[in-house]
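Asks: Annotated domain 'Acetyl-coenzyme A synthetase N-terminal' per TrEMBL: 22-79, in sequence order. What TrEMBL records for 81-465 is domain 'AMP-dependent synthetase/ligase'. Per TrEMBL, the feature CoA binding site maps to Arg189, Gly190, Gly191, Lys192, Thr307, Asn331, Ser519, Arg580. Per TrEMBL, ATP binding site is recorded for Gly383, Glu384, Pro385, Asp407, Thr408, Trp409, Trp410, Gln411, Thr412, Asp496, Arg511, Arg522. For 527-605, the entry in TrEMBL reads domain 'AMP-binding enzyme C-terminal'. Residues annotated as Mg(2+) binding site in TrEMBL: Val533, His535, Val538. Annotation source TrEMBL lists N6-acetyllysine at Lys605.
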Amino acid sequence: MSTIHPVPAEWAARAYVDAAGYAEKYRRSIEEPEAFWREETARLDWIKPWTRLSKSSFDEADFGIEWFSDGTLNVAANCLDRHLAERGDTVAILWEGDDPSQQRRITYRELHEEVCRFANTLRRLGAKKGERVTIYLPMIPEAAVAMLACARIGAIHSVVFGGFSPEALAGRIQDCDSKIVVTADGGMRGGKTVPLKANVDEALNHCTSVNAVLVVRHVGSSVTLAEGRDHWWHEERAVASADCPAEEMSAEDPLFILYTSGSTGKPKGVLHTTGGYLTWAAMTHHYVFDYRPGEVYWCAADVGWVTGHSYVVYGPLVNGATQVMFEGVPNYPDHSRFWQIVDRYQVNIFYGAPTALRALMREGDEWVKKTDRSSLRLLGSVGEPINPEAWEWYWRVVGDERCPIVDTWWQTETGACMMTPLPGAHALKPGAAAFPMFGVVPQLVDGDGAVLEGATEGNLCITQSWPGQMRTVWGDHERFFQTYFTTYRGKYFTGDGCKRDADGYYWITGRVDDVINVSGHRMGTAEVESALVAHAKVAEAAVVGMPHEIKGQGIYAYVTLNAGEAESDEIRKELVQWVRREIGPIATPDVIHFAPALPKTRSGKIMRRILRKIAENDTSNLGDTSTLADPGVVDTLIATRG
Ligand code: 6R9
C-alpha cells in the first residue's frame, strides 16, 4: 500500500498550524463562521468593515452567493499601498526571462508606482469601473502590473493565456465586450518568439468592440501599430502620473473574469469578486505555503490560468511576499532550468505542475542532482492528479526527502485551494489532496446523489459556500446555476471523482465529465470537436481523453470525413494544424482516428464510454453495447486503432 510521510518535527513545531491547530480552526470555520471570518478578513485592509458575513444559497428558490457584501476595499491597495511603509524596498518580483541572462528586480515601491501609471493610462484610454480589459501578455512583470492596475480603478480584467490562438482570443474579447486589450510585441518561450501583437491584430479583425490596444515592448520585434487605436506602453508611461487614488470597491464588485472549459458549449467566463476572493487567496497562501517574511516563493504557473491569478499575483502580493516570476519553460536551455532558478534566487517554496515534473523525471536525476536546492523547504503540486511515482521523485530527487509536498486540489471556479495537506499538520500520502481547507465541506455522492459515508469513492460535491467561490458565469447566470447546482440539487458539483480512505484522506481521481486535463490545462472535449467539425472535410468528430505518460491525458479524436474524402496522413496533419489554429497549441490532438462511423445509440447519442475504452486500448470489457444502433461500428474501430 501507499507510503506515509509523517510531519517532520521541525515543521510541527514552527508551522502556522499543527495538527491540533488545523482541527480547531476547521471546527471554528464551520461552527463559528462569523468569528472565524472576522479574524481571517483582518488580513486585509478594509475601507469600510463588513457586518454581513454571507448570504449564500445553492437552492433554486433563493440561489445566490455573497460574502462580506457591505464591506468595501481595494484589491490593489491591499497588494501594494499598505506594504509601502514597512516593505517599500523589499523585492516583490524577481523576474527571470526565457533567456537566462535577462533579469529584473522590482520592489513593492516600484511596483506600486508602475501600477499607478498603468492605471492612469488605462483611464486615459477610456477604462472605467466595471468595464472589461482583456490582457494577453507573456509572463512578464507587466502582466501583474496590468491586472493590479485594473483592480485599482475597478475595471474587470480578463486574462487570456498567451498560447491561445487569435480565434480563441477573439471569442473571449467578444464574450465580455472588452474595449481595451493589453498585449506585448511578443513573448519568449524556449527560445521561440510568440507573436502576441500579430495575434491581437488578427483577432481584432473580428471584434469591433475594441477601441484601444496598449502594447508592452518586450522582445523588440517589429509590429504594426494601428493609428489612433494602438499605443506603446513605454510612451504612455513616460507621461502618465504616478499618482492614482484607488477606487473604493464593494466586496461583491467584480474583480476578474477568467474563461475556462466545461463539458458543453463555449468556454465560460468565470467571475470572481473582490472581498471574498482576496480573503481566500490571502488565507490559503498563508497557511498552505506557510510563507514567512523574507522568504522567496515561486509559483511556476502562467498568469493566464487561475493558479497564476491566485498564487502569482493576488495571494503572494497581498501577503507581502518576495517571489520569482519566470517567463520560460522547464527544459530551456536545458533540463536543469527550474533548479538553476531555485539556486540563483535561493527559493524556499516551489509550487509547480505534475506534467512538468513528469517531463523532467524522464530526463534523469542528473539534471536535478547537479544543482544545490538546499534553500528549498516546501514543495507544492497543482493542476491535475499527481501519480505516486512523480510524487516520490519530487520528494526524493527534488526535495532531498526534506521538503513536505502540498498537493493542492482546486479549480478556476473555487478561486484558490480547497483541499490540501498543511505542511505542519498532516502526514503526507503520495497522491492524496488530503483534507479540506477551512470553511470547505466536501461530500461524496453516488450517481443518484445518495450521500456516501466512510471510506468510499464517488463524485465530489461541496455543500456550503466559501468566500472564494465564483459568483456567476459572465453574462449567463442561468448557465452558472444549471452547470454546477443541478446535477446534485442544492450542492456545488465539482466535476471530479474522489476517493476517501479509512483515515479520512481525500484522493482526487480525475474528471468524471467531458472535461479532459492535458498537461494541467483544462479542455472541453466539445470545444475540440467543434473545431474539428468546422473543417470543410469533416462530417463528424468525437473527442475523448487518453492516458499520456507526460501530459497526464492526451487528446484522442475520432473523425468521420465527408463522403468522397479519402483518409490520408496529409488530412491528418491538416486537421492537427487546423485545431492548433482554431484553439491553440495546447489543444493539439495526439491521435486522429479516422472512423467510418461513430458508435451511437438508437436515439443518436454517441457512446463516449466505448470511445474512451478504445482510446485507452482497453477493449476486453466494453460493457453493455446492446443499445447501439449498429454494434459492427465498434469492431471496425477496434480493428482500425493504430
Ligand atoms: C487550479 C486548477 C481544475 C481541475 C480540477 C481537477 C484538476 C487541479 C488537482 C487536480 C487532482 C490536484 N486538478 N488540481 N486534480 N489533484 N491537486 O488547476 O484549476 O484549471 O480550473 O482545473 O484540475 O480535475 O477539477 P483548473
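Indices start at 1 and increase along the chain as displayed.
Glycine is no exception: its Cβ is also placed from the backbone N, Cα and C atoms.
These numbers come from a predicted model, not from an experiment.
I would like each feature placed in context: is it buried or exposed, what are its neighbours, and how far apart are things?
Replies: Note on the domain 'AMP-dependent synthetase/ligase' (81-465): its mean pLDDT in the predicted model is 97.
Using a 10 Å Cβ-Cβ cutoff, Lys192 (CoA binding site) registers 11 neighbours.
Less than 8 angstroms from the CB of Thr412 (ATP binding site) sit Leu258, Thr260, Val270, Trp305, Val306, Met470, Arg522, each of them six or more residues away in the same chain.
Secondary structure at His535 (Mg(2+) binding site), as computed by DSSP, is coil. Counting only residues at least six positions away in the same chain, the Cβ atoms of Glu574, Leu575, Trp578 sit under 8 Å from the Cβ of His535 (Mg(2+) binding site).
Listed in sequence order, the residues of the same chain lying 6 or more apart from Lys605 (N6-acetyllysine) and placing their CB within less than 8 Å of its CB: none are present. Secondary structure at Lys605 (N6-acetyllysine), as computed by DSSP, is coil.
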Asks: Provide, as an integer number of angstrom, the distance between the C-alpha atoms of Arg511 (ATP binding site) and Thr307 (CoA binding site).
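Replies: Distance between the two Cα atoms comes out at 18 Å.
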Asks: Fill in the CA-CA distance, Ser519 (CoA binding site) to Val533 (Mg(2+) binding site), as an integer in Å.
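Replies: With the alpha carbons as reference points, the distance is 24 Å.
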Asks: Based on a Cβ-to-ligand 1 distance below 6 Å, what subset of the binding-site residues Asn331, Gly383, Thr408, Thr412 would you report?
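Replies: From Asn331, Gly383, Thr408, Thr412, counting a Cβ under 6 Å from ligand 1 as near, the near ones are Gly383, Thr408, Thr412.
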Asks: Taking the Cα of Gly191 (CoA binding site) as the centre, which of the binding-site residues listed as Gly383, Pro385, Thr408, Val533, Val538 lie within 10 Å of it?
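Replies: Near Gly191 (CoA binding site) by Cα: none of them.
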Asks: Sorry to bug you, but what's the C-alpha spacing from Gly383 (ATP binding site) to Thr307 (CoA binding site), rounded to the closest Å?
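Replies: So the alpha carbons of Thr307 (CoA binding site) and Gly383 (ATP binding site) sit roughly 8 Å from each other.
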Asks: Express the distance between the Cα positions of Pro385 (ATP binding site) and Val533 (Mg(2+) binding site) as a whole number of Å.
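Replies: One finds 31 Å between the Cα atoms of these residues.
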Asks: Looking only at C-alpha atoms, tell me how far Arg189 (CoA binding site) is from Gly383 (ATP binding site), rounded to the nearest Å.
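Replies: Approximately 20 Å lies between the Cα of Arg189 (CoA binding site) and that of Gly383 (ATP binding site).
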